Structures are given as C-alpha cells and as structure tokens.
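Undergrad: In case it helps, TrEMBL gives these features for our protein:
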- 589-602: compositional bias 'Polar residues' (COMPBIAS)
- 900-911: compositional bias 'Basic and acidic residues' (COMPBIAS)
- 8-342: domain 'DUF7100' (DOMAIN)
- 354-448: domain 'DUF7101' (DOMAIN)
- 637-1003: domain 'DUF7099' (DOMAIN)
- 574-614: region 'Disordered' (REGION)
- 895-915: region 'Disordered' (REGION)
Amino acid sequence: MASDSAPSSLFLRLTSVWGHLALRSDIDDIVLELLGHFSLEKVYAGTNSGDRHVYQQLVKTLLSQLNAIFYVQRLTLPAENAHVSWYLGFLVSWEVALRTVEFVLQVINDGRECLWDDLMLRDKYLAEFLLSALRVLSLHPKATANQRVKERKDRFGRVHRSLEQVFDSYPGPKSFLLQVCKMVTNRLHTDPDTLGLPSKMRYEIPNLTSELYPLTHCLSPQYISELVPAGNSSIDWLPQFLALRDISHFVVGASVQYAANRESRDTRLRSASGRSRNAILQALDYLQMPPSLSKLDMVAAFSATFRIVLPDTPDFSAQPLADSRALDEHELDALDSLCVRLKQRQVIHRMSDRETMINVSQVVRNILLQDDPGGQSGTSRPSLYALNCSKCHLVGGSQLASAGIELLCDGATDVETTLPAQSKCPCCGEIVTLAREAPLVRRAWELLRPLEPDADTINVERHLPTNFQLAPARSDAGLFSASGYPSNFASSSDQRPVEGHRVDSPASAALAQIVYPLSPQPSGFPQPSLLFPLDDLVGGAQAEDHGKQTIGRVHDPIYSRLDPNLLSDPAAYTQRKGGNSGAEISPIVSPTDSNVLGSSRTAPVISTPPEKGKSKWRLKFAGTRKPSVGTSGDSSSLSSTAIEAQKLEEIPLGALYNLSKSGARNKGPKSVHVELSKSASLALFWTQQTIHVWDVGASPPVMTRSILTESTCILATVARLHLAYVIGTRDQRLTLRVVNLLRPSTPVAEYRISSSLWCKSIAIDREESFVVLGFENATVRFFKTTPSAEQPREDRLHSMVHADCRGCPSVDTLSFSNDGLVLLASTRSAKSGVIQVYAWKFPFLTFQEVPSCRYPVPLHESEDNGVSSAIFRNGRHGEDSLVCITTWTQSGTPVLIQPEDGHKSEIRTDPSGRQNKLGNRIQCADFSPTGKEIAIVNDKGYLYHVSSLNSSVMDVRKVATSRELTARSDSYAMAFMVLSDEENIVLAWADASKATGWVKKIPTSRGNFSIPLTPGITHEPAFVELRATIQNASRRQVAELEGETGAVELYV
C-alpha cells in the first residue's frame, strides 16, 4: 500500500513543469524558442547513417515538451462567462498554436526516411500532442475575434490535409488516438464552432487562476453520470468522449496543483479523484463507439492518465513492460530538459528585464508620489522643489499648484524661482519666498518614463493575426482536397472503418497520455438539419433563401434558446399558436428566461403583418426633397447588378409606436431611435419607453428581445452579449442599466448616476467588460458590465488644463477601434468650434489628447449639428493609423488625419475641389473591419464607399441610396457587419409616417463596386494576382481576398 500511494516519477516531473509554466506571460516566446532550437538541430539531421535514431529522439523530445505546454494551456483557458482580457497574458496566441501544429506535421511528413520505423513516435507522441493543441485551438477565446468562420475552416483544412499526408506516407494500422486526431481535424474543418463544451462545463469549469481543488460539481461523479447516462443511445460519441477526457485531465491537474502549491490542508482530494475516476471508467462502457475502434484502447488511454496521480488504477495497456519503462524514461528526460531550459530562461529574464523594469517602474512611481502625494492632479511633467523654510522641505510642483502657489518662471530652464508674496510652505506653514528645483528628478522622469512597460497592451496585440507578416495561401472556393491527397468529408466519415486497425494500444502511465481530443458539441445545440426542419420554413423559393440565412446562425448562443418556428417566420408562428387576431401577442424568450427581469421590464412582441399589395422596393421617403437614384455623387453610377445585390427588408414598428403613444398619453407618435451594433448583427429600434432588439443577420430580421425601460430612455447601445441604456427623469437623475442578452438569468447591472451632468454619448468596449459614458463638462466615466459595488472611474478630459471643468464642452462621440485597442472621444468648443480628440489605449487606464487631430470648424447658427463621428483605425503592414472626423455643418469637410504627423486629407468626390457631392452634412461614418475602406452617409441619404485611404487621391464612389435627411437624425444608423461570413454595409432607419423600419444590406464583396489598391502599400500576392478579375469573381472568392485587421502604435 505504501508503494501504491507514493507519487510516480512522472507526477514529480509534471509538478516541476507546472511550477515553471503556470500563468506565464511569455508562453509564445517559449514555444517559438523550442521550435527554433529544434530547427537548428534539424539542419544536420540524416547527414550520417547513425543520426537516424538521434533525430527520432529529438522529435520525441519536442513532442513531449509541446504536449506538456499545451496541457497546462488547456487548464488555463477561461470559462465563457469570464472576462477574456484578464487571461490573455497567460494564453498562447491562436496563430502561434496553429502554426506549431502545421510545423510539427510538416516535420513528420518531411522526415519519413528517418522516422518511418518508429511507430510509437506517431501512435503516441504525435497523437497526444495533436489532441492537446487542437483542443486549445477549438476552445481558444480569441479564435472568433481574430478570424472569420471561413478563414478558420481553411486553416483547419490545411491541418487536415497535412494529417492525411501522414496517414498516406506511413501506411499500416494506426493507433486509437491517431484515428481520433483525424476525426477531430475533420470536424474542425467542417465547422470550427461545433466543438464547444457542454453547457455546465462551459460556464463552471475552473482554470489555473484559481484553485482546482476541491473538485467542482462539473468534475464530480454526479455530473459524469448525467453526461453519459446508463443506457446511452447517442451515436455522436465524440462530444461525450471529449468531455470525459477534459474531466480526467482536470482531476489530474488538481492533484498536480495541490502538490505544486505545497498544500497541507485536508481536502480529501485523493478520495474525490478516485470516485471521479470510477465514474469515468463506468461511463466509458456506455459510449456507443464505431465498431472500427477498440474500446479497450480507449480505456487504456484513460487508465494511463489516472495512473499519474492514482497508481492503484489498473493498467489495461497491452504494451510489453520493457517498452513501457523505456517510454517513461524518455518522457522523464524530455520534461527534465524542459525544466532546465525554463529555469535558465527565467534567470536571464530576471537579470536583463524583470528586475530592471520593476526598478524603473518603482522610480517613476516614487517621482509621481513626491510630485503629488495626494494623487489628485495627474500631471504629465512632475518636478521637485526645495523651499527656503527653516527645514528646507521638498515639495512637488503639483503640490505647490494645489496649494495655490504659482511658479513665476519656467522650471524647465530656471533652477531657482521666486514665489509670490505671502506664499506658505505646504508642509510647515512658514512663509517662503524662494523655490529651488532638483533637476535630477525631472531628468530621471524624462529618461525613464518612456521605458516603463505596458504589459496589458502587449498581451492583447500578441493575439492579433498580424503577429506574422506572411499569411497561408487560401484554398480555392469549393475545392478542399490537396492534389494527390483526396478526402471524403461525408458526415459519416468519423464512423468509417480502418483497415488493419490493431486492437493493441500503446502503453503508458506518463504525461504524454494527457491529450485533448475534439471538444464535445454542446447539449441543446442540435445539428442545423434537426434544429430547423424544412417543414417549418416558408414554402417555395422564399423557404430556400430563408433557410440558408437562419441555419447559418444556429450555433449562436443568443438565438439557440428561441423556438425554431419563431425564428423562421414570427407571423406564421403566432398564427399557429392560436388566435386569429392580426396582432397576436407571443413571448420573445423561452419560459425560463421570460421572468428574469420581471414583468415590468419585459414587453410583449406584437406581430403586425406588413401591408399587402405594396412593393418593398418603391418607397416614398419623408423629406422636403426627393432623392434621385439615377444621379451619382461622383463619376461612378449605380449599376443594375449593384442594385439587385442590395437587400431592402422591412421591420414592422407598429407595436413600438403603439406602446410609445400609450406611454405618452396619446400626445402623438414619438420618434424611434435606431442603433446598430459594432460587434454583432444586432440592431436597436427604441423609444423612450420600449427597446426592441432585432437580429438583422437573419432574412427577414428577427426580434430577439423587448424591454420596457420604466422611465425615459435617453441613450442605448448594444454589443454581442450586452445591451446598455440610460434612463432619466425630469430632475436630471440618470440611471445606467446593462442587460446580459446571452444569459438572461444574470442580474441587471444598475448604476445610479449621482451628479447632475447630462449624458451625451455611450459605447461598449469590444471585450464587453465595461460601458463608457460621455457627459457634459468634458467628463467620461467607465462602468462595469457586471453588477459591482465599485464606483465608476471618472476621467476629466480638461484636468491637465484646469481643475474646474464647468462650462467645458460635452463629449459628443465615443467609439472603439475595430481591434478594440483604442477608445476615441471628441469634443467641440462652443466658443471657437475647434474639435479636439482624446485617446485611451488598452487597458484604458490613462488618456491623452491627440493634438495633431485638432480640427477647427467655424460655428454657424443654422444647420450646425456638431460632430457626427470621430473614429480610429489602427495601421497595418506599413500603413499609417488614421482618425476620421465628420460633422453636420456648413463648412466641416470630412477629413482623414494621421495622428503621427497631423497630415489631413479631405474626403471629396472631386479631387480638384471644384465640387463635392459628398457634402459637409454627414450623418455617420464607419471603418470597415479590415480598415481599408470607410463608409459615409450624407444628408441626401447617399452611401459613399471610400477606398485607397492612404493614397493622395482617394477613390470615393456612391454605392447605395436611402432616405433623405433634412437634419442629423437619431432614427438613422449605418455600420459594417459580417453577415453569413461576408462583409456588408448595413443601413437602418425608421419611418414614422408608415410605422415601419427599413434595413438595407449592401455586400462589399460582390461585384457591385470594386476596391482599388492603395498605392505605395505592399499587398498580399493573392490579392494582386486576382485584382484583374475581381469584378467577375463570386461572392465567396472576393470575400477571400480581404485582408486582416492589424494594430500598430498610436502616435500622440
């Protein structure tokens, strides 16, 4: 018994590796260093006849070390309801992980002459590493933010083709784990989002930022029995299998973490782990596996994992004992080598970087503390002075300013300065007349402040796809298989029998058994063909198009709770549910969600059938002038093909107007405000009493939520997961509410704003961690999206100029860049008309004005509606960052400004400047997700597409028409959206005369308008080669030519 309870050698090595790898911020560099070291070793591989076995050992060492790294990474991934930004520094970037997998597969394929006779290298080492890495890739929180579904399909398709080459290059029977690897890549290339965790594990699974012990409920025997119940009849065994593997690895990880933390508490971890192990082994017997796979091999893999922490687990491996011991010794040597490498790396970083940076930061903070002990001024240039009091007190420049003592000379040039009469020392109160500066303090600040690291920004930028300059070649549309390696991706490919599959599985009780296969498909997320049966869709040709649009969103968690029939046809669904009235009431959420906010905050959806006999394409827009479709704002004109590609869809707003009338005591219809999400396909149509959330990605749009505001709504915005709105009363008491759209059971975050400042602008950050509000007196406040007792952080934009901001201009606009790294705010002086821009960089703790973006626009009493947009684009691949400023004024021409040097370029349809049909009255503007184009809507309702942004002559083309505007309107919105994996410009507006909303979708990747290249910028070869045929390309082909959004430094 004593020998059975003693920790294994592999457990001790794994504990040591854990201590070096857990919660490190340089994991990307560690992986790249391993690959680079191996590449240098590989240079001379195979040059001598005796090097073959040496090279095999090198490959095994690399695979063992990478498997250990990705094992720790899997346990670091956060739950879906956690704030991703808190964990980015500890996660390997998605791009590095995928390229590592491709690199390893290339090494195996290229080294066939040296590796062909080592079966264990492929059947165990390679298989376990692939499953670990693919698990991290499929669950990585930054995968969906960085790339579209089509791009991820292509990337996983490359991995699948490389793995097929391994199967073809090394004929013969394959191990159970390697066959599972092929099933995983097959599923990932078909649908990258289908391999999520089960619902409970998705939100309750722990990670390394907290203690894994005692075991949580989702790791308990009770949950395991629910995951795979007795008499299980599910033929889709992979999700259940993968969930059980996740649980087994977290159970092992809890024991390893307990030992690494040197815990002494009695958490009964060993007995709890044994019960979970027994439940998993019992559940394995219930799995309905394909007959081509051996259940004995599957059980042997799990037993090897549990033997790391529970040596009394039976060994079901059929591997000979001698081979098993040799295998364990090699793994131990590989992990020892990794520990030595990590320890040396840590010493080097401590000597050359870490301690130096800590000391630099400490010096900088001490200087700030001496300059301003109270931390009130936030000066950008601290200084220290010695006063001529009896004790010669040292006082900071900011401390003197707060005491009302004004320095009469420039401290930057004069060391000694005379103080005003009757000045008193802030420390002792004595009368002082002279102050002598200690210039060493100011010079140390000027030299050390630029060297202070900004780790949060680095952690975010490291996860962007622009971390590498070269991108993989894109696969042709509709063609997946590589030449010479055909593949069949039928839905039953996972069940395909394997010829000559051997029953015996490799034996091991080592870390290499810690693998991560394909993640399970979440319960409650059935396949599209089951969730949306064709019988429930609209008949005829409408049914086909409608089905395509709806099926594309079945995996979105926001919409999966809705009834499929309601999603496909709300009006027909209402009629089928009973009632012959034309305005039948039906719930908008499931019964479990309808009572979350209470009956006072959930409004019914009144389905109003559209008017019959009227065409959607012939509209009489309200306004004093009639828009002309035939004329263009520039040299281009709208072709018939472009008009046909644009979808105009109707949204009935009768219920919204009726609720507005009843809430306003029948004083006439109120205006309906329109807002489009910047990160999802959601739109808001709202009045002062009611907010309706619509999914405009579906065709026709579908209402997903209706909320009663219980007061007068002033501002509202929506992201992917959260809806934020501000309500107010007549005495100017404001309240911010944040509603979680994904999980209605989450309490509403409510903040009562105490001050009397009126709110002017609102925005939600891309990570949806907080809501930003802009107020009068140049004030910006940050509120958390989750309920919190903390007071919101307040930034006063003019605090560097004066302490009292009363009378300062309001914050007119707030906007986040597409990559989420920069927040931009704009104000306009009521005296001079000068527009000023202020910028926050992630994590948005400090701000500064961008003086190069100051834009003077003369004030006019008539037709002056101020700043309409101030948006930012990060540069990429040599391009400059850009700030776009538009106004609704008589003389404020839309401009693009480079923050680095202040260069301004006016956006005009006529480069000569003789005429500008774009005009100066701009309703809104928005950068495309790639940042290469910008869309602008003017007062005539014309949509202009602007490209070649970094060129001296920009290409400005009118691409669509909409409603004419007589003034800047809150009932009109425009934004870029990715709908059905394609980039679209979406226009949305409300027509009060018809009680109707309209949504117009203009695809940018079709042949309705071209996208010229930016002169002087190097573009991807694929884009340049296909530039001549872009007009005739299909929607899918043109979509593949789009670049990726990048991020560079913001120069201020």
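Using N, Cα and C of the backbone, Cβ positions are placed for all residues, glycine too.
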Undergrad: Count up the helix, strand and coil residues in the compositional bias 'Basic and acidic residues' (900-911) according to DSSP, in that order.
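TA: Looking at the compositional bias 'Basic and acidic residues' (900-911) with DSSP, the answer is 0 helix, 3 strand, 9 coil.
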Undergrad: Could you pull out which residues elsewhere in the chain have a CB under 8 Å from any CB of the compositional bias 'Basic and acidic residues' (900-911), counting only those six or more residues past its ends?
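TA: For the compositional bias 'Basic and acidic residues' (900-911), the far contacts come to 633-635, 851-853, 855, 880-881, 884, 893-894, 917-918, 934, 936, 944, 946, 952-954, 956, 1051.
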Undergrad: For the domain 'DUF7099' (637-1003), report the average pLDDT of the model, please.
TA: 87
Undergrad: Take the domain 'DUF7101' (354-448) and count its residues per DSSP category (helix H/G/I, strand E/B, coil), listing them in that order.
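TA: Taking each residue of the domain 'DUF7101' (354-448) in turn, the totals are 34 helix, 23 strand, 38 coil.
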